[in-house]
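Trainee: According to Swiss-Prot, the phosphotyrosine annotation covers TYR104, on the basis of experimental evidence. Taken from Swiss-Prot, the feature DNA-binding region applies to 152-156. Residues or ranges marked as phosphoserine in Swiss-Prot: SER199. The region 'Disordered' annotation in Swiss-Prot covers 219-302, 368-418. As annotated by Swiss-Prot, region 'Mediates interaction with RPA2' applies to 221-280, with the evidence given as experimental evidence. The compositional bias 'Low complexity' annotation in Swiss-Prot covers 240-251. Here Swiss-Prot flags THR318, THR335 as phosphothreonine, drawing on a large-scale study or a structure entry. Taken from Swiss-Prot, the feature compositional bias 'Polar residues' applies to 380-401. Taken from Swiss-Prot, the feature compositional bias 'Basic and acidic residues' applies to 402-418.
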Amino acid sequence: MSGTEEAILGGRDSHPAAGGGSVLCFGQCQYTAEEYQAIQKALRQRLGPEYISSRMAGGGQKVCYIEGHRVINLANEMFGYNGWAHSITQQNVDFVDLNNGKFYVGVCAFVRVQLKDGSYHEDVGYGVSEGLKSKALSLEKARKEAVTDGLKRALRSFGNALGNCILDKDYLRSLNKLPRQLPLEVDLTKAKRQDLEPSVEEARYNSCRPNMALGHPQLQQVTSPSRPSHAVIPADQDCSSRSLSSSAVESEATHQRKLRQKQLQQQFRERMEKQQVRVSTPSAEKSEAAPPAPPVTHSTPVTVSEPLLEKDFLAGVTQELIKTLEDNSEKWAVTPDAGDGVVKPSSRADPAQTSDTLALNNQMVTQNRTPHSVCHQKPQAKSGSWDLQTYSADQRTTGNWESHRKSQDMKKRKYDPS
């Protein structure tokens, strides 16, 4: 069965795009005149004996056929890997019989082969499985055989190059007279040994670049980071640009999506770096504003004001002693009327007082010359010793003045007969 779909079943394979036009799907791309003539010429050729196989059918009859992988390779060469497609429109299980523990299954399948311009051919295939003990394996074998048979029958409708020449009996008889060529040796150096194909990827990417430069498949990305980026392809009026493969568009969309993800990651890193700089700036200002603490060493004195306090204390004690001595001298000073033999304390100093004062001054000088380390080690004990020394000096001075007063009283009694 053959035919050409009108509007591809009412336009079911087309859908409106965001730009207001329609995006061409498979089955709507037209062949150019040059491409049409080249395909038509190739389909008229008949297959050689290298493509045709034979087997014995029921009743001892010899049957010629084309293997499934060969017919698929021929279709790819004629139409291109993305220029044709096949689909199973219907599949029926005719019977499933169990006989002596073995299954017998028959399945029929309707297969349609469609080209990129919308033309298609459809045919029926049949598959049989006999004598298997597993029901599942029997159904699998019958279904696959039915689909393969229907595919070969549908492709055969396109021309001699896809198997239609096998039905010509005269051609097969003449074909048997031709000497069969020896099979070519397999060249393992050209075998595929790795998954990556750099030449194919580079060619696919380069084919997309001119179209993007001309503005035909402009990809519009969504700028919102919360939604995944997607590409919108506007409609194109040029028919030649409509033949761009869907795989190339998908690869370009994937490339743009990866670029967008990299941009979002870079923006996130920049924001995080700015936040870290903002957090580190106040801490740095606080550290600069705070005065640096002096380094603590073992030679640094514990209290710096102790020597100054000690000097002030010594100066105050000295002034108090001098003032006390002056008050005592004024108190016990004798007027000139008392007689010539009276000794005036204010006129000359007492030997005991002079010696005590000199001893106190020497002790103060010695204390001032004492190293600071000793003062820092025992400040409390030193202040206590100075208080004791001052108290003893006052006691000696007071005792000397009392003895001097007694001697003056004795002299007064001698000079005064009454």
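Using the three backbone atoms N, Cα and C, a Cβ is placed for every residue, glycine included.
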Trainee: Can you check what DSSP calls SER199 (phosphoserine), collapsed to helix, strand or coil?
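Mentor: Reduced to three states, the DSSP call for SER199 (phosphoserine) is helix.
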Trainee: Given the modified residues TYR104, SER199, which one's Cβ is surrounded by the fewest other Cβ atoms within 10 Å?
Mentor: SER199
Trainee: Taking the Cα atoms as reference points, how far is the residue listed as 'phosphoserine' from TYR104 (phosphotyrosine) in Å?
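Mentor: Just about 49 Å between their Cα atoms.
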